[in-house]
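Okay, so here's the structure we're looking at.
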Amino acid sequence: QFFVFCHGLLQLSQLLVSGYLKSSISTIERRYGLSSRTSGLLASFNEVGNTLLIVFISYFGSRVHRPHFIGAGAILVSLAGFLMSLPHFITGPYEFDQSVASTFSNTTDLCQPRPWANLSDANCTPRSSRENHEVLLVMFIAQALLGIGGVPIQPFGISYIDDFASERNSPLYLGILFSVTVIGPGVAFMLGSAMLQFYVDIDKVSRAEVQLAHKDPRWVGAWWLGFLVAASLVALSAVPYFFFPREMPKEVGFPLVLLRNLRHPVYLLVVLAQVNISAMVAGLATFMGKFLERQFSLTASFANMIIGAVNIPGAMVGIVVGGAILKRFQMSLGRCSAMCALGMFLCLLVAFPLLFLGCPTQKVAGVTYSNSSEFGHHGLECNLQCNCPEQAYNPICGSNSIEYISPCSAGCRAVNIQEDTGSVWNYTDCSCISENGGFATPGTCSSGCFHLFLPFVVLSCLAGILASTSHTPSFMLILRSIQPEDKSFAVGIQFMLLRVLAWMPGPILYGSAIDTTCILWEKRCDRKAACRYYDNTLFRQR
């Protein structure tokens, strides 16, 4: 029982490390200028290390000292977690365009008639592009280590428990572990929600010097803090494993079993169905937060809280309900498959309206919107004499409810500061907003979609509950349709196929699809960096 407790704790903290990355993905994109395709590849890169080893480990599981291997894997995972936060410490502070000269820089992004140092070229030193390569390299190495370290944890833990627990208690223990693996990501998103409320450079600059609000699209939260927390937890959980004893029975030959399972039609069909749903879940888990942020104008912290407190518990409820129905009605294999199909069908019905629950991107001058009359008057002369840097990004919302990429592009000549906090109150004398000089407030105009947020959350949660009712019956289909002595191996193969066909490509496919809906890219040193604005309608549909 102590082993089960330790293993639950370890799996929870291991999932904290891998799940936390997904909760801070939009923040890391913004901080280091990554496209969603790159961040999707990063998020699924831990599966690479994992896949290469999982089959061998499942097979050799009975010949090694399993607790020691689990402990060693946990040490690797914890190392990976610390490595993930390293980029924060090797790069300089986060820089963003500002309207008020400060300790960081004396340039401002207001409209100024005299020519001035161009913001975008200033930060394009060889050092900054080298920094960027280093950051990506460190993060990809950390993700690979995370995958390799995670290999022995689940298969060894499960087989160890199943070998030494009584027949009657084993399902209970494994049930506890599976529920932990579902709770894990939920806890990770909550951790993300908490950490992203702190400013990224909390250790490098004082809060007073940072004039960004949480709602500001340039806000970057302390994404690295969560990795330190999670990695420390893993390190702690690893300790007891070096003191558990070893025991072992023998098992049957490797290639024969592989062929025997792969030729089994029920096994193959169920695994293929699981591959399809898992690819969807992997992509959603990575980018759902980002979607909510963009579609409903939420902060990253709030989006994470919704996913961790609503969507993931919904999936847990579904899994439990599915298991309860199975137990109550003692289902045959045929009924199991009917139940899976029904769950999926209902899920599709409930999810269909989600295609329409959203709004188009807010009007952004020169990006999603151009007003011919405005250009007719002064042909965009309104900001011609401003010499705006191309890359300035400090969105403001005009009194005409049109968003401008920077105060300069709106032709704003003056800024009012709040006395007590030193943050920007509003911008005035903006020649593009109205002829007699309109005013604007800092931050984006919202997408005006918040009224659809509640229905969206309710429907997506329901869809998740319905889809996950088929989780347990589909596992049963696999376990009942193969020979008892092949069980652990069949599950190993199943997980490997899920990794290769679903968890690895899922986030990359989703990220690439999301990238195709971008309308304005940030440029860093002439390379495409993070996306500034998406076409929300296309983002939602794709």
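Please read every residue number as a count from 1 along the shown chain.
From the backbone N, Cα and C atoms, a Cβ is placed for every residue, glycine too.
Per TrEMBL, domain 'Kazal-like' is recorded for 376-434. What TrEMBL lists as transmembrane segment is 41-62, 69-90, 135-160, 172-200, 220-244, 265-285, 305-326, 338-358, 450-468.
Below 8 angstroms of C-beta separation, residues 23, 175, 178-179, 182-183, 185-190, 192-193, 288-289, 292, 298, 336, 339, 343, 457, 460-462, 464-473, 476 of the same chain, each at least six residues beyond the ends of the transmembrane segment (305-326), sit close to that stretch.
According to DSSP, the domain 'Kazal-like' (376-434) comprises 9 helix, 18 strand, 32 coil. Listed by sequence, the residues of this chain that lie at least six past the ends of the transmembrane segment (135-160) yet keep a Cβ under 8 A from its Cβ atoms are 3, 7, 10-11, 14, 17-18, 21, 32, 34, 38, 42-43, 45-54, 57-58, 61-62, 66-67, 69-70, 72-81, 83-84, 86-87, 90-91, 174, 177, 181, 488, 491-492, 495. With a threshold of 8 Å between CB atoms, the same-chain residues lying at least 6 positions outside the transmembrane segment (265-285) that come near it are 19, 22, 40, 44, 185, 333, 337, 340, 344, 467, 470, 474, 477-478, 481-482, 490, 494, 497-498, 501-503, 505-507, 509-510. Confidence annotation: the domain 'Kazal-like' (376-434) carries a mean pLDDT of 77 in the model.
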